[in-house]
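J.: TrEMBL lists these features:
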DOMAIN    1-63  domain 'P-type ATPase N-terminal'
TRANSMEM  258-281  transmembrane segment
TRANSMEM  301-324  transmembrane segment
BINDING   ASP372, THR374, ASP782, ASP786  Mg(2+) binding site
BINDING   ASP372, LYS373, THR374, GLU468, PHE509, LYS532, ARG566, THR646, GLY647, ASP648, ARG756, LYS762, ASN785, ASP786  ATP binding site
ACT_SITE  ASP372  active site, 4-aspartylphosphate intermediate
COILED    587-614  coiled coil
DOMAIN    808-866  domain 'P-type ATPase C-terminal'
TRANSMEM  843-865  transmembrane segment
TRANSMEM  925-946  transmembrane segment
REGION    958-981  region 'Disordered'
COMPBIAS  969-978  compositional bias 'Basic residues'
REGION    1017-1042  region 'Disordered'
Amino acid sequence: DREYNRSFKYATNAIKTSKYNFFTFLPLNLFEQFQRIANAYFLVLLVLQLIPEISSLSWFTTVVPLALVLTVTAAKDATDDINRHRSDNQVNNRKVEVLIDRKLRSEKWMDVQVGDIIKLENNQFVTADLLLLSSSEPLNLVYIETAELDGETNLKVKQALPVTGDLGDDIEKLADFNGEVRCEPPNNRLDRFNGTLAFAGQKYPLDNEKILLRGCTLRNTDWCFGLVLFGGQPGTKLMQNSGKSTFKRTSIDRLMNVLVLCIFGSLVFMCMILAIGNYIWEVKNGSNFTVFLQRKHSAGFSAFLTFWSYIIILNTVVPISLYVSVEIIRLGNSFYIDWDRKMYYSRSDTPAEARTTTLNEELGQIKYVFSDKTGTLTQNIMIFNKCSINGKSYGEIRRLTLKDPVDFSFNALADPRFVFYDHALVEAVKLENPEVHAFFRLLALCHTVMAEEKKEGELLYQAQSPDEGALVTAARNFGFVFRSRTPDSISIVEMGNQRSYELLAILDFNNVRKRMSVIVRSPEGKLSLYCKGADTIIYERLHQSCSKLMDVTTDHLNEFAGEGLRTLALAYKDLDEEYFSRWRERHHEASTSLEDKESKLDELYEEIEKDLLLLGATAIEDKLQDGVPQTIEQLAKADIKIWVLTGDKQETAENIGYSCNLLREEMKDIFIVSGHSPEDVRQELRNAQNSMKPDGAANSLLLTEEKSKNLIKDEEANGEYGLVINGHSLAYALESSMELEFLRTACLCKAVICCRVTPLQKAQVVELVKKYKKAVTLAIGDGANDVSMIKAAHIGVGISGQEGMQAVLSSDYSFAQFRFLQRLLLVHGRWSYLRMCKFLRYFFYKNFTFTFVHFWFAFFCGFSAQLGLEMSYWTAVNTFFVLGSLAMYFAVTFTMYSNGMFLIFPSAFPFIGTARNSLNQPNVWLTIILTSILCVLPVVTCRFLLIQLCPTINDKVRQARATPPPPPRRSRIRRTSSRRSGYAFSHAQGYGDLVTSGRFLRRPAVPRASGFPQVGRAATGFSPMGRSAGYSPTGRPQNLKVPDVEVTSLQMYRTFSDGDL
């Protein structure tokens, strides 16, 4: 009933990952861009330039570069968001058949509502979170692929309730279905679901086995019907685990914001100095210029206006071009990554791709790497290499042997891709060794693999885990072929004979049990329990008669583990018919119980899985990607810590840890945290801490204080340790009351592996490290289950592998193989980081040098806020320096650096902290000080020499006023000397005639008609004004009284009579 369900206002099935729409793009984007301090500063500067009283520059000098920066950034953001809109529209407009008005109608995904019944067909994506009602398969089974959710490509089985399975594909019955589902609210737990279905007066329990989650793909099933429980972005578990897209900023960006603030502070300081200088100059000298510069304001207000004028003139010290230049450098560094042939994977024709241009230099500061396992470290390909049967070891590792592979031509159903290198095992099978036959019979029966046979003899296995598929394939090649299964039977071919076993019970695997068992009845009526699992678990349940065999098998297991192989122990037990009948009844009661169902089943499993007889052990190689151990070793030398976050079980993750050198036998201890309560987990973490740092108990008291500071300091353990923690324990460890205990314990370890974790837990672990360690993090994965982790880390790397492109589409960088991470970090990351730090140093040096020209010029122009350089020159110099510096910088760095150097010396890699390396180096500050001195010293020196050697009139006036006059002294002038006339230095007629006539040089003071005040003129003497005022060509002191001679302020002459001569 769509109308009835609509009244509850459930969420729609539409999703939205875009950030903007047509109306919100401009305001939101501008708001984000003006969070950059430089952009906000230039916006304020633009407002100031519109005020005529203080502006010396045209407003377009700020508008043009600011508009260019904003436009380029907005275009880039718009392009990215348009792509997100297209992706959303593609998903929302997918079609699905919905039962409406008793008919199946094709509807868009976004129009599907909670309560609708929809029909899915083979290979279709599941539209929303559904309750499975019925399917085309026997017993209402469906097969789904969950790669989008947990990264696993194997098929999983879901089964509908029998009461809804009877509806089949009858449209009338489905339309009349009137059930009511009560369940838990939407959450992000992929592995659990609790609810009840009320139908036909009965209540039926619902669990995760009856739910199809959005993002899964229907496989090997013609059709199925489902009831929509949750829809869209807020409801489905897939979307709740996807995480949010966040704007990632590098530490260089944050450093630039801090530097811009500091530079702005220095700008304000310089402008205050100039404003004070203007005030002093106005008070002392300003009155001398009031004739031709009318004073409109007081000295104080003039200084205030001068302050803002110099804010505009000296704006070049705050560089708006810095962000543009940085983006250009980042773009160039991104091209280096795209063009790197050593990161190209020829098998899949996949080059490395820098999907973002803003995080390149951050690659050079990585401290923590969070990696998925399946498909990231491994190829997700399992190979059956060795086994131990009844105390005898068989098999060889392919890469370590020169033997010829076994010929399986005797078996028509053998998998041609399977390779084994020990002929003795084939001979034992052909000789019908009973232990060997029982060994492979167990492998053919004890599993949950689904078989698909499209053509006669062509079998395709779909396994829940790759190692299960490898074990069943091994049994197939050695003559025990798993052919098909139903919910109550398993059909196999034993040495050419078709046999069908009745499947009575499956005691499934989980993290606590660490084993799996099946109970079957053979065609002869014999009851048997077959069990496989971790060797430590199986050994605890063996019969006492197996002690000798157990010792021998243990030696073989240690040998296999030392070679990095994944091991399992195999055991069996014959059952009594009467006992099993009673046990089966209790099992049925426990499985239908609504309370303590799991604990009751565990008790029954423990009861029947004891007194087992050991058969042997298997050893499987999970093929790592090429170069993974070497890459991890190199990254460890560079002091980069690697954490593996995987959805696989603990044993799988541990074995891979050993294979890729993440866990090593040389480690003092490897701690396993698997508690099922907060108290147990806390105690296990503290025990681990005490083992690694016995004197660290007191430090644990500081965790609360460190939490308040949002920082956990680095600590050193008394050796090398590893940590393995299960998903259920991790859920407790990530609680706010325990997260610091977990983080401190994990950071003391050299390697950390988190098993059975959900996608959201992966993101939570990354966020925890980001929050308290203040370190740069990188997450790498290949599946949709890694998307939230990739989005949460500072840098996300996607591997284009077997599990689709979801991780790649959400990543910042992508390539095809894990080993390329070494080159991405140690080569491109280091290069980008060093280039950016050096560029910043040079850029600020250039800007300060250019700005100090105007600052220094202010002392020569009366602090009048005049430009020292013309605008055309200003623009030309800036353009030349920006473009020329970029070209020269790339040319020099490209020729000077060698990538091989950083592979040889990876210990020189750590460059954590941009401020420390770019600004705290003594040579940087020495360079700045010397450069400033060298820029100022030539001007000071030149000015000093000019005053001494070629003084101007003003200089001489200053010297005359500052120097006390010497006592007067008469002297004779030789007749042979040439007399220099005063007319060459006067604005009026010369005085040569007066000198030669012998008359005294006397001139009455004649007032001159002028509109100018008589400044500096004596009451009776003549005081000329102009460039010659105060100048003496004889070099004698001025303004001295000579007896009987009236001295002018122009120059001093003495006259003599002929008698004196």
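Using N, Cα and C of the backbone, Cβ positions are placed for all residues, glycine too.
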J.: Determine the minimum-neighbour residue: among THR374, ASN785, listed as binding-site residues, which Cβ has the fewest other Cβ atoms within 10 angstroms?
T.: THR374
J.: Using the alpha carbons only, what distance in Å do you get between ASN785 (ATP binding site) and ASP372 (Mg(2+) binding site) once rounded?
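T.: A Cα-Cα distance of 9 Å.
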J.: So which of the binding-site residues is most packed in, judged by how many other Cβ atoms lie within 10 Å of its Cβ, out of ASP372, ASP786?
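T.: Selected residue: ASP786.
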J.: What is the interatomic distance between the Cα atoms of ASP372 (Mg(2+) binding site) and GLY647 (ATP binding site), given in whole Å?
T.: 8
J.: When you put THR374 (Mg(2+) binding site) at the centre and draw a 10 Å sphere around its Cα, which of the binding-site residues PHE509, ARG566, ARG756 have their Cα inside it?
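T.: Those close enough: none at all.
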J.: Spatially, which candidate from the binding-site residues PHE509, ARG566, GLY647, ARG756 is nearest to ASP786 (Mg(2+) binding site), comparing Cα atoms?
T.: GLY647
J.: Measuring Cα to Cα, tell me the gap between GLY647 (ATP binding site) and ASP782 (Mg(2+) binding site) in whole angstrom.
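T.: That comes out at 13 Å between the alpha carbons.
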J.: Tell me the Cβ neighbour count for GLY647 (ATP binding site), meaning other Cβ atoms within 10 Å of its Cβ, over all protein chains shown.
T.: 28
J.: Go through the chain and flag residues at least 6 beyond the ends of the transmembrane segment (258-281) whose CB is under 8 A from any CB in it; none is fine as an answer.
T.: 37-38, 41, 299-300, 302-304, 306-308, 310-311, 314-315, 317-319, 322, 840, 844, 855, 858-859, 862-865, 915
J.: Sort the binding-site residues PHE509, ARG566, ARG756 by C-alpha distance from ASP782 (Mg(2+) binding site) and give me just the closest.
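T.: For ASP782 (Mg(2+) binding site), the spatially nearest of the binding-site residues is ARG756.
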J.: Which value does the mean pLDDT take for the coiled coil (587-614) in this predicted structure?
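T.: On average, pLDDT over the coiled coil (587-614) sits at 82.
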J.: Please report the number of other Cβ atoms within 10 Å of the Cβ of ARG566 (ATP binding site).
T.: 23
J.: So how many other Cβ atoms are close to PHE509 (ATP binding site), meaning within 10 Å of its Cβ?
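T.: By my count, 18.
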